[in-house]
């Protein structure tokens, strides 16, 4: 969408007000030193970031956000000539300014007022004066740009100063505007941000690297009737001004700054937790989570020490949310579509709870070692589920995920470099491309292996508590974790466990392929053995249909059923007799089950060209607006002989999909087709099936790897 007409945002971050002056002509600064994070153009290694403040005005009618950013910095070197920040083409910088700050000064407050500026040459500047600075924006990668701001010449090391940037930003990778029709209530506009991995540079100029953390605050003005939430420890609402104030008292990386605004109401579900949702969804959210979130938090604290963030709230977002869940501090974002799948809801929320320790408190310093957050969070998640739901349930969920890992490995190949835990991120490659099951499950297997070296997992829990205490509010590399591990267990260091043949730590980190060792899941055999038995019955020739059809899937756990269906999917296409009997036995049962189960059965229907049940595929897609429940089916429909059927459904449903999802499906449908002429897709009817199709593969799809094979909880 085109950017809104340029005009000053009417916001600034300052203490007093007077008229703003003209922008100073840019003084060409020298090229900055190469940044240590190849995904960031910023000069973050040259500065210490004390605090950032955002003044924001939400403009739903224009699908835009007007902003004023204040960065409170100290230079680490004498007289730096420029400050470089990460930005994005969707973000338009209007001005930049410099203001002196005093050591010990409180973070800059926000006022909806003009920015004080310096007077004529030779006249002493007022105490709060801001001096206009020159700036330029240069290309960096296809996921961002660099903003270079010239600095005054007399800056000394450790002298605090402020940089004030006015800007506007429209639809970008981080900011998702939803028209009322894309919400459940269909009444009010909705907006949310999604910063992981490097998207928040389209939300505000920043050091967009996980290596840099700071406290932050925000002042947000929104239309009447719109509730605003952010990932902060404190918040207030000044009703007479229509302004929300937020403050995060602990340092976090840029990607964890998050905002959501819409028709949201809340209910308390525990002593330090509440759930936010659209009014029509709130009763369901309460019924699913009331009382149990505190149980999970208490279990996590018993393992890894105090929950340091104060509140743990959850907000359920419309189906357009592009992933399952995101661990924004104090305020987990989670897709509302997951509410109907109880066991997936449990796992996804507990995973985000675990991130409060692993990922948020202690963060991977580089995206090349994302497993330090995801692998440790997955391990912690499974320790929490073991404490609260037992070892059998944890082993079942782990078996399901490891099945998916091996499926992904088979499709990618064992020598694929993305299967390393320490992935080499090449310049220009989006770090989001590294989000895969190796990050989660191979990382988990390495952490599990470390825990087994200790003998008793409770000893490893003690180590992780010490690790969190040592590194909280900082960013680390793998060597920090492994050195701490060996120092905590000197007897293991004496045994040289890091060099054990075939299981060397270095090989765990840098070898491609499957995990070097996998966990013993025998404690889950009471739940996994029936799945294996039933799968064998359905895939052994000749088919014993009486024995195979004797199992009542309605008595099974969700993870048992999806594990069974996933294995049938892996074996598809199945013999015609088998798919016919499967439909006779299970199709009606599965109709009443949750979407995680139904989508897998419908994928089996599609991969086996089973026409009698195709009407169920149509009915499912007509009622889904979520990536996770549409993309896998469209991928399968377009891989086989049913592309025309997929096109027909898409023509009928495209207007109920978010534009980003619509574009992704168009890319899937376009593969192997000549591009259609460009037309106004809003005028499409079922009688005139024409659309814009891009003649290139989708970046959101990965060949034969279905979205169902990727844990898209962040």
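From the backbone N, Cα and C atoms, a Cβ is placed for every residue, glycine too.
TrEMBL annotations:
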ACT_SITE  352  active site, proton acceptor
ACT_SITE  440  active site, proton donor
BINDING   351, 355, 374  Zn(2+) binding site
COMPBIAS  23-37  compositional bias 'Pro residues'
DOMAIN    526-669  domain 'Peptidase M1 leukotriene A4 hydrolase/aminopeptidase C-terminal'
REGION    16-42  region 'Disordered'
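Here the recorded positions are 352, 374, and the one ringed by the most other CB atoms within 10 angstroms is 374.
Per-residue pLDDT, averaged along the domain 'Peptidase M1 leukotriene A4 hydrolase/aminopeptidase C-terminal' (526-669), amounts to 96 for this model. Each residue of the domain 'Peptidase M1 leukotriene A4 hydrolase/aminopeptidase C-terminal' (526-669) gets a DSSP state, and the totals for helix, strand and coil are 113 helix, 0 strand, 31 coil. The residue listed as 'active site, proton donor': 26 other CB atoms within 10 A of its CB, across all protein chains. The number of other Cβ atoms within 10 Å of the Cβ belonging to residue 351 (Zn(2+) binding site), over all protein chains shown, comes to 26.
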